[in-house]
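**Student:** The following block contains the structure, expressed as structure tokens.
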Amino acid sequence: MELVDPNLDPWNHPGSQPTTPCTRCYCKWCCFHCYWCFTTKGLGISYGRKKRRQRPRTPQSSQIHQDFVPKQPISQARGNPTGPKESKKEVESKAKTDP
């Protein structure tokens with residue numbers, strides 16, 4: 001094994017840099033191209049700031065298609081509003097006639 005000059009920084013050692021530049025390709029060969037390609041492409045790790053994709057905004061003129069729903073009147077209670085009272089009367093009258 002060759003001795004490396006101790007005055008050189010580790011990233012400047014011979015063989016530390018690949019001979020070809022990094023590409024945007026995600027094939028197996030390019031994912032193992034160098035340490036950076038392996039971590040970002042192969043493992044999907046990036047420590048940089050993540051950009052949020054914004055949805056394309058609709059122009060103001062497209063508000064026409066959004067019709068407002070008219071206010072509905074408050075619905076009445078379901079069923080017969082005097083239902084329980086009448087049913088009690090019916091039960092009482094049936095009970096009186098069956099002695």
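Cβ atoms here come from the backbone N, Cα and C positions, even for glycine.
Here's the feature list from Swiss-Prot:
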type	residues	note
BINDING	C22, H33, C34, C37	Zn(2+) 1 binding site
CROSSLNK	K71	ubiquitin cross-link
MOD_RES	R52	asymmetric dimethylarginine
MOD_RES	R53	asymmetric dimethylarginine
REGION	1-20	region 'Disordered'
REGION	1-48	region 'Transactivation'
REGION	1-24	region 'Interaction with human CREBBP'
REGION	22-37	region 'Cysteine-rich'
REGION	38-48	region 'Core'
REGION	48-99	region 'Disordered'
REGION	49-86	region 'Interaction with the host capping enzyme RNGTT'
**Student:** Cβ under 8 Å to the region 'Interaction with human CREBBP' (1-24), counting only same-chain residues 6 or more beyond its ends: which ones?
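**Tutor:** Result: 30, 33-34, 36-37.
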**Student:** Taking the mean position of the Cβ atoms of C22, H33, C34, C37 as the Zn(2+) 1 site, which residues outside that list, in the same chain, have a Cβ no more than 8 Å away, listed in sequence order?
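**Tutor:** Same chain, not in C22, H33, C34, C37, Cβ within 8 Å: P18, T23, C30, C31, F32, Y35, W36, F38, K41.
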**Student:** If I take every residue in the region 'Transactivation' (1-48) and average their pLDDT values, what number comes out?
**Tutor:** 81
**Student:** If you draw a 10 Å sphere around the Cβ of C37 (Zn(2+) 1 binding site), how many other Cβ atoms fall inside it, taking every protein chain shown into account?
**Tutor:** 18
